[in-house]
Amino acid sequence: MSIRYESVENLLTLIKDKKIKPSDVVKDVYDAIEETDPTIKSFLALDKENAIKKAQELDELQAKDQMDGKLFGIPMGIKDNIITNGLETTCASKMLEEFVPIYESTVMEKLHNENAVLIGKLNMDEFAMGGSTETSYFKKTVNPFDHKAVPGGSSGGSAAAVAAGLVPFSLGSDTGGSIRQPAAYCGVVGMKPTYGRVSRFGLVAFASSLDQIGPLTRNVKDNAIVLEAISGADVNDSTSASVDDVDFTSEIGKDIKGLKVALPKEYLGEGVADDVKEAVQNAVETLKSLGAVVEEVSLPNTKFGIPSYYVIASSEASSNLSRFDGIRYGYHSKEAHSLEELYKMSRSEGFGKEVKRRIFLGTFALSSGYYDAYYKKSQKVRTLIKNDFDKVFENYDVVVGPTAPTTAFNLGEEIDDPLTMYANDLLTTPVNLAGLPGISVPCGQSNGRPIGLQFIGKPFDEKTLYRVAYQYETQYNLHDVYEKL
């Protein structure tokens, strides 16, 4: 029995009913990776020996009817900027090549406690800076729907592995769209939770006021199951929130009659491709047929999202990445003959082009002569963007729109044009700036490449997002398409 495209929910039932052993599931996953990943290139490191050992231990517990854990026996792939004790965590950078952590991230502790099985680490844009997974030092992941196309980024490996049926779920991180955009490009479900919903302890920091870990899956309910497992306050992360409600599944099947949905006119404006507009408009009609009330609204400061995001994120990155200096860990230049040379050469040689670009931008924005003109002004714009959402949410339950302005572009098409690449974040960065939850679900295809629909919710109201996304998924999904890839 092949379980390659089985859902998390179905796998849990099969294991609970003893129709399949965790070790059989893990074997099937590694067989699929061996067959498919030389083409997709989603994994950077595999943890096969430990995974098989863990699965065999779970077999014994299964035989004793001791199947504790929300994700008992479920295989998982983890983005390579999330710390995994004893397994390489490189952030897809030469700077951290062969770096093996000696502690565990909070999300990994939670997943291990729920008896999920770590399969390996997934490719990404270097230090999560990029929108195509092409800035990875190690390899370029391809889109399972079209091998000429990018999978999106920065969590491109996480999205591609799920779409290709290599793992039933993965974790990514989202700073300005890095879960939702690759989810849209690869036709899977990706959730960026509310800022503070999931602990960031053990996530290698890019922009600390924006970063958030979230799940990628092939359906909405699976996504909700995984988020339940990783949510919660953490003493090791002072920005994590104490929120009691982490039940995202019990009401997921509830209808959406009367739900008030806002469609911002800016989300279907300039820069959004016609095929994407058409798919989203069709999705809106579907929501109406399900009983939702959809009305046009305005989020007037949307256009300032990209410039303010790139100033703030780059400024925080220039500070966070200052720790990589060639001294304590990471790449150490062998050609340096003084301390100053060691700093300069280790960072110049260890970081890639895009990472250095953002460090330069952030350092400039924080410099004394430009701080007020760039960083301070961007923070003021951030407040305006948040206020726009607050005003809309006084009268509406959910905001809907495209996840990305286009479908996936071709490999090599935009990598040398950073401004065009940054423009792809038009519809995702405002959600991070406002600290809100956002989920991307498939809503169509154009020339064989998936289109993503984004739902944005009130702070800590992931439950409503899952409900509306689940109901929409009953009318449109790609479940029958994955196996044909």
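The backbone N, Cα and C atoms fix where each Cβ goes, glycine too.
Remember, predicted model here, so these are calculated numbers, not experimental data.
Lifted from Swiss-Prot, the feature list:
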| type | residues | note |
| --- | --- | --- |
| ACT_SITE | LYS79 | active site, charge relay system |
| ACT_SITE | SER154 | active site, charge relay system |
| ACT_SITE | SER178 | active site, acyl-ester intermediate |
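Projection of Swiss-Prot feature records onto the structure.
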| residue | record | DSSP (3 states) |
| --- | --- | --- |
| LYS79 | active site, charge relay system | strand |
| SER154 | active site, charge relay system | coil |
| SER178 | active site, acyl-ester intermediate | coil |
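Put simply, LYS79 (active site, charge relay system) is 11 Å from the residue listed as 'active site, acyl-ester intermediate' when counted between their Cα atoms. Each residue contributes its Cα atom, and for LYS79 (active site, charge relay system) and SER154 (active site, charge relay system) these two points are 9 Å apart. For SER178 (active site, acyl-ester intermediate), the Cβ neighbour count at a 10 Å cut-off comes to 37, with all displayed protein chains included. Cβ contacts within 10 Å of SER154 (active site, charge relay system), excluding its own Cβ and spanning all protein chains shown: 34.
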